[in-house]
Every structure is written in structure tokens, then in C-alpha cells.
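According to Swiss-Prot, the transmembrane segment annotation covers 39-59, 91-111, 144-164, 187-207, 219-239, 258-278, 290-310, 327-347, 352-372, 395-415, 420-440, 643-663 (among others), on the basis of sequence analysis.
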């Protein structure tokens, strides 16, 4: 064991320390702490930077072939129950810690420019720090109980960050929606976790899987019960990774500041669901029915997210549905047995999607100079256009991210997405077709986003269009003088974009099919040997890769004809296919259905319960009080102090008892 492993616990603890110091400062010395803005930012950055350095050290050690290391202490004991808490360092935790810390560090650097004039600047850094700590704690957890603790902490931090601007109604509603939706999945995870412990007597990932299969094979528990436990556990990742049908919270979460969209919705929180599926693979893999549920859930989500993203006009919401779709690819990969492919896409997606979200924040930052600090105007792509000449760094990095997510070689997204599609074709051609069609839609809506934002003429000064958008959003037109041209963002915002562009281009080369170093690292030696037996077939690679690139190029061409060359009118297409257009624009009406069935239904039930509470429960309580009051008022006259009166009462009581028992 390397000495470095003994200090791995510092990786999640250091960001927690930063959050605690700033939090105590904000509570006890609020004004003074807020004045030290830059100092607090540097303090948090230095701590997350140290965690990143330690994470790279652990990753390098694992690459060199060191064995996994687990350190635990007995946290609680009751009879045969012993709960261990500690940390584990293996291939998966080392890889995830590097992803989380690198993206978190770059997001924190970016935040200094994006949130420079926000009065909650210091509080935001505290939230970022505790969120990073929670995610890292989840990554290093050695058992399911500890995962669940940090899982809930991640959810709490998400609530705080999405609702950071709590004085805005939309943000307050969005964080509540995210919190409640995730509670549904978390309750399923809790039930599944308890069910697995009841069956196997363990919270250890490997032990749970082995014991569960032994119990099923010996007939001690039914296979149906094992399926139920596995699906219940999967409900947690369904909510956290915004999978159908618990996906509705993710687009609303864009109400939070853009750096959070990059951190939560690209590299960390939404990836936590895929990470948990990977951790629980010993439980899921031997249960074909559970794997089918996982695969079809992922495929449905990928297709659903892509179809909704086709018509989005808000740049951040378009990226949100894109994230939902890409997470669907990862989950589908896990369900068809593509453990390595799913993790590979998680890694590549984390970097290029973080860059895309930060790029959208840079665009919004520039647009606010022209249209003001109104999200309706600053985030609407219909008011953008021609930004490439004003914001060349942002445009170039956004184009790199767009090419990566579209799966154009040699960018990172091509290698990971192509591997998933290849495995899907072997497992189930229907799943492959869904993934293939989704790839075409991805290319279309991402280049639609790029062309609307960065190409053509700048539309931000069109007052009539501004008034039209504000009226549609139910807001009154604003008056005020703004600039006439957007500007490039400061270095603190463009540097993270340029840094993320490097892995967005190059990191996919770790997983090329003729020398898959990523697969060799993530797999155990036996699994790597099995994978090597299949070898690399050039013809198969060219056919599968050609298909995925071909559909992407078709999507790009259609987007170019519609939004760059204006040869196809999108409005006429919308009129020609109104049902499909409205279905996409209204997000398949999921929000409306959930609102009418669950929200309004719950409110109606609550009103009925209120009536019962008011008339029955309160009535019984009030009646008891009134009866007590009246009896007290009546009995107080008995206490008059005269002995002969007390004797008369006793005589009457005795006489009454005699008569009663005589009759009886």
C-alpha cells in the first residue's frame, strides 16, 4: 500500500473544511466575511486544488496496478448488526474523484468572473465547496449506507444551489420541484437498500450481489423478490440522473446560476446515478430482468430528451435536455452490459458538457450587456446570433463541445458514443436504432443551438422581438439603456473553457477500439483478457462508426439548411406537423400531466383531509375541552366547605350503588 492511500480521506474533507470556515464566518461575521470575497475564493480554490492533486495521485497509483484499498471503522453495533464507515480507493473511485475535482476547480475559477457582482458571491463558494465534498464522499463510500448518507447530502446541496436566488419565484419553485422529485427516487432506493440487507445481511456491494444470487439459486428467496429489490434500488439513479419518468426536475434546475448547471448537471450530481449503477453492478448484472429495465429506461430517456431538445429556445434548457439524453445513453450502456462503455461516456461527457454549460454562461454574460439581467431575454437564442465575431473564444470552445457531443471523430464523444452503439447493436438492434436515431437528433439540435447563437446577424437589439418574448413570458417590457454589442468574457471565464476544450478533443483517444486503455484500466485483468479475445475488427468498426457519423452529418446538414442558409423554413415545418411540434415544444406534456394528476390531485386530497381535520378531529378535541370546562364549572359548586353537604353526597352515592346492584 502506498502512503498516499492513508490520506485519501482528505480529498472529501478539505472542501468540507472550506465550506465550514466560510459558513461560520457568514453566520458570525457576515459583513466582514463578505468583504473578503477574493480571499475566500482563493481559500476554497486552494483546498479543492489540493484534493485534485491527491486524486490524480490516487489515479496514477491505480493505473500502475496497485490493489484497491479500503479502510473502515465500526460506526455502530447492535447484536449481529455492525455498520462500518470509512473510504475505499479503487479504479472507479479514483477515476470519479479526478473528474469531480477537475470540473469543480474549473467551475470555481469560472465563478469568480460570472458571479463577480452578485451579493451572494461568498455564500455561493461555500455551497460549491460543500457540494464538492458531498460528491467526493459519495465516490469514496465503501458501502451502500454511506453512499445513501452522501446521496442525501448531494440532494440537499442541489436544493440550495438551484434555489440560490431564492428571491426569484421561478428558482424557489425549481429547487422545491427538484427536491420533491428526487425524494420519490430516494424512497425507492431506501426500500431497496433495506430489502437487500434483509435478504443478504450486508451493505457491501460485492457481498450483496454474491449472497443474493446464492439465495435465489437455493430457493431461499424468489427471483421476483430479487428483481423488486434491484428495481427499487434503481429508482434512486432514475431520479438523480433525470431518467424517465422522474426527469421533469432537470430543465427547471436551470434557474440556478450557470456554474451550478455545469457542476451539478454535467459532471457530478446527475452522474451520481450512473456511478451508483456501476457500484451496484454486482447486484444488477446477474438479474436479466433488472438489466432490461435499466437498458430500456436509458433508451427511452435518450430518445425523449432529444425530441424535446429539438424545439427549445432557452440555451440552458436545450443543454439540460441534451444532458438528460446523454445520461440515457450511459444508463442504456449499463443495462446492456456495457459497464466500461457507460463509464467512458460518463467521463467524456463530463468534460465537454461542462464546457458547453460554461460556454452558455459566457454567452448569457455577454448578452446581459445588451438586454439586461432578465433570463427571458439573455437566455433566448432567438435574440442571439452573430456572437462569434464578438466572442471568438466562447464560440470556438462551444463549437468543439458541439462536435464532441455530436460524435464527430476525433473528438471525445465519438469514441464513447460509438462504443455504446456497437454494444447496443449486439445486444438488441431495437435499442441500437433508438440510440442511432437519437444521435441524429443530437447533431441537429446542437448545431441548431450553435447556428442560432453564433452565426448570422446579431438580433439582440431588436426591440420588437424583445417585447414579443417578454409578452409571451407574461412580463412587461423593460425600459433602460443597455449596450449595443455583447463582449467576450474575462479571462477567469474563458480560461476554464479553453482548459476543458483539451479533454473534449483528446480524452476519447484513451478508448480507441484498437488499443482501449480505458477498458484495460477499468476492467479487472480477467475481464480485460476476455475483451482482448474478441480483438479489433476494422470492417465492423468502419460500418458502425460510419453509421453513427453518417446520421450525425445528416442532422448537421438539416440544421445548416434551416438555421444557417435559411433554405428550409422551420415555421412552415411546424405548421405542417403541428402535433409533433407541439408535443416537442410542450415537453410531451409531462409537466402538465404531473401537475394535474399529482400536484392538483394532492391539493384536492389535502383540502378534503383539512375538512375532516377541521370538522371531525378538531370537533372531537374541542368537544372534549368544552365537556371538561362545563363539568368543571358544575363540580366547582360541590366544593363549598360544608361537612354535612359532603355527608349527603356520600349517602346519595351509597344509596345509588345499592339501588343499582339491587336491580341488577
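We count from 1, first residue shown onward.
Backbone N, Cα and C atoms are what each Cβ position is placed from, and that goes for glycine too.
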Are the transmembrane segment (290-310) and the transmembrane segment (187-207) close enough to be called in contact, which here means at least 3 C-beta pairs under 8 A that are separated by 6 or more residues? no
Quick one: do the transmembrane segment (258-278) and the transmembrane segment (187-207) reach 3+ CB pairs under 8 Å, ignoring pairs fewer than 6 apart in sequence? no
Could you tell me what the rest of the chain brings near the transmembrane segment (352-372), counting residues at least six beyond its ends with Cβ under 8 Å? 103, 106-107, 110, 113-114, 258-259, 261-263, 265-267, 315-316, 319, 322-323, 326, 378-379, 383-384, 387, 390-391, 394, 397-398, 400-402, 404-405, 411-413, 453, 460-461, 466, 478, 480, 482-489, 493-494, 496-497, 500-501, 503-504
Rank 91-111, 144-164, 219-239, 327-347 by Cβ pairs under 8 Å to the transmembrane segment (420-440) and hand me the top one. 327-347
With a Cβ cut-off under 8 Å, give me the same-chain residues at least six positions beyond the ends of the transmembrane segment (91-111) that come close to it. 11, 15, 41, 44-45, 48-49, 51-52, 55-56, 58-59, 61-62, 68, 124-125, 128, 132, 135-136, 139-140, 257, 259, 262-263, 266-268, 271, 275, 278-279, 343, 346-347, 350-351, 354, 358, 361, 492-493, 495-496, 499-500, 521-522
Counting only residues 6 or more past its boundaries, what in the same chain has a CB within less than 8 Å of a CB in the transmembrane segment (327-347)? 92, 95, 99, 237, 241-244, 270-271, 273-275, 277-278, 281, 284-285, 291-305, 413, 415-417, 419-420, 423-424, 427-428, 431, 435, 438, 507, 511, 516, 518-519, 522-523, 531
